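J.: The structure that follows is given in the form of structure tokens.
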């Protein structure tokens, strides 16, 4: 190459400079390939090109000259690498006709040949052009300083300059990366050698050894040699020292390294801690889950299912849901879908609720009887329904088959009141008598005589029944013997409603008064005055008496003192029916609305009205912890949410509703609803409708769990 013409030398050097430093791995380590030995044009000195940069001059003696040469190499390379930058797009590369620029021209536009201290490099024949301006720009100088700092500090860089080695004496050998070089006069020859432990770098004092840069990707099997010492030091520290070291390490990490930490650390916390805990602790953790979430957890894995089937755990969930006893076993005696009896009870309760709320309603059973008469009273217990009518009879029905088992005949007037307990039914009639019947045989066991007018109301407790009559008196009877135990006299008009809890009797009458009685002494304890019209309905829980009147008000009284506690205002007409449970009162009114009250605070919690409200007077209602069921003269039965007051759906809607069809009475159990329907103008046949919301058991005796957790 020393014998080539200047143009050939220029082209050769350009070809070498334009080669990219091939990185042996994605870690982008320093390339240490020896490209060629080049003689600078116009001189007798040899230069070693390492990668894409000039390496050394074996005749330059001081570090300043080496720095000048290194800077020259960098700037030449910089012009090649940065030519695609947006701010250099309009600049041109080396002039093809002028050859390679000299180090003097690259350093400064005003520098001359005399700036080289030993004058060993003669005048260069190449004239600098556009590349001279680029080399002198702040952009190039800034990059030079940055690259120089990177080399001196040993920091990683995408294209790090190879280290520069200078031979201080002839026949001196040195090692760079994996290649050994020997200086012999003005020539340098490489020899392949084994991987050395150190590399030679240039310093102001001559040759100096520094740790060799690794060109192999570190792995678990091939870690950096210093890592074991670093880890041993870390393990010897206390917990506080380790935390401090970790914090410092994180602050020095790049975002990609922090993300790697997260990817490694996060799975460490995704552990099945439930299976690792002792059974007692695991069950305590699961007890905080809602039943629906507990059912989903049971489908996670076998160990979770074993824990989620714990019977005591589900017994507590049932208690929270108001399920106090196990239902009678139905279907298969042992179901694989629910090994815990209490879990099976909860699952059944949930499915029944969904049947009420949203599942398609099964076609009702129709129990036809009483011809075109009005069904005046209705009782439902177990598998038996008893209906009383103004046709002077009562009928006993089988809920499962829908058949009329027997007709109770004996009254000579219409039946207007009834009570039922077990296999015993008591009826009151306009014939002024009460009758005690055996449902199973249809035999009248006792006829209770004493009232002088229609027996309009009654209430049964244990083996005693209290009856109220239009003769303004109340009588206490023993249904086993048929004897009249006490007569309660004090009202001035017909007794319309009565309640009895086994100790006290509460009665409401058309004289606008409510009275509290001690039946054993036939004594009136309190007369509750406040209503300005007839009292039509009563509720009594042993602590409070609630009375509804034609004066549109509802009053809450204290039983012990007889004091008025609250007056509930909001209805616009007669309160025809009420139910009281756990301080929650639900009232139905002739103004077509239903209201939910808190008897402790006297506040109206919900008003069941709106777009879907009844279009006529509310005739009857039933409610539990979840639902309110109401019937009306408009021929519908509606289902409401007791907590939110929202309308859920119509359970019954007669075709004749609005034109004469009426739902007179309703009675509901957990799974069934019985409605007494008919009309006063012949548009609807008198009958009973029985709606079933029970669970359909599959072959395994239990519904698929997926329908519950959905």
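Using N, Cα and C of the backbone, Cβ positions are placed for all residues, glycine too.
Per TrEMBL, region 'Disordered' is recorded for 86-145. Annotation comment: TrEMBL describes 105-118 as compositional bias 'Polar residues'. As annotated by TrEMBL, domain 'F-box' applies to 271-317. For 382-407, 408-447, 448-487, 488-527, 528-567, 568-607, 611-650, the entry in TrEMBL reads repeat 'WD'.
Could you tell me the structural context for the features on the list?
T.: Across the repeat 'WD' (382-407), the prediction's mean pLDDT works out to 93.
The residues of the repeat 'WD' (408-447), classed with DSSP into helix (H, G, I), strand (E, B) and coil, number 0 helix, 25 strand, 15 coil.
Across the repeat 'WD' (488-527), DSSP classifies residues as 0 helix, 23 strand, 17 coil.
The repeat 'WD' (528-567): residue composition by secondary structure is 0 helix, 22 strand, 18 coil, according to DSSP.
If one looks beyond the repeat 'WD' (568-607) by at least 6 residues along the same chain, the residues whose Cβ comes under 8 Å of a Cβ in the stretch are 536-541, 544, 546, 548-550, 552-556, 613-624, 628, 630, 632, 634, 640, 642-645.
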J.: Do you know the DSSP helix, strand and coil residue counts for the repeat 'WD' (611-650)?
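T.: Taking the repeat 'WD' (611-650) as a whole: 2 helix, 22 strand, 16 coil.
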J.: Under 8 Å between C-beta atoms and at least six residues away from its ends: which parts of the chain pack against the repeat 'WD' (448-487)?
T.: 413, 416-421, 424, 426, 428-430, 432-436, 493-502, 505, 507, 509, 511, 517, 519-520, 522
J.: Could you give me the DSSP helix, strand and coil counts for the domain 'F-box' (271-317)?
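T.: For the domain 'F-box' (271-317), the helix, strand and coil counts are 33 helix, 0 strand, 14 coil.
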